[in-house]
Amino acid sequence: MNSAGYEVFEVLSGQSFRCAEGQSVLRAMEAQGKRCIPVGCRGGGCGLCRVRVLSGAYRSGRMSRGHVPAKAAAEALALACQVFPQTDLTIEYFRHVGGNKPDNMNYEEVTS
């Protein structure tokens with residue numbers, strides 16, 4: 001257990017913030033006034049806060065398989081509202097392209 005929390009770095013925005021033990025990446029970002037990931041339902045259902053974890057260990061909460069299919073989760077895609085760091089993390093915000101079909105695995109990096 002790390003009482004000081006973990007550093008989370010979002011590569012596209014260049015922003016970083018601290019995430020307390022047991023706190024989701026999205027809640028930590030909001031609490032510190034950062035805006036590198038869009039905020040939606042905060043409960044794993046809308047898919048708006050989709051990220052790819054580039055490095056670090058984390059625990060995932062419940063996420064809609066309509067937004068993060070098992071194959072995508074295996075490729076380190078997750079919803080920031082359901083990502084709970086266990087080490088420092090490097091993440092990248094991603095947007096889904098082509099609708100919300102679980103079998104549609106087209107993702108694109110958002111650079112704007």
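Each position is counted from 1, following the chain as shown.
The backbone N, Cα and C atoms fix where each Cβ goes, and this holds for glycine too.
Quick look at what Swiss-Prot lists:
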DOMAIN    6-97  domain '2Fe-2S ferredoxin-type'
BINDING   Cys41, Cys46, Cys49, Cys81  [2Fe-2S] cluster binding site
Have a look at the binding-site residues (Cys41, Cys49, Cys81) and report the one with the fewest Cβ neighbours inside 10 Å.
Cys41
When you measure from the Cβ of Cys46 ([2Fe-2S] cluster binding site), which residues in the chain that are at least 6 apart have a Cβ under 8 Å away?
Gly40, Ser64, His67
Return one of helix, strand or coil for Cys81 ([2Fe-2S] cluster binding site), based on DSSP.
helix
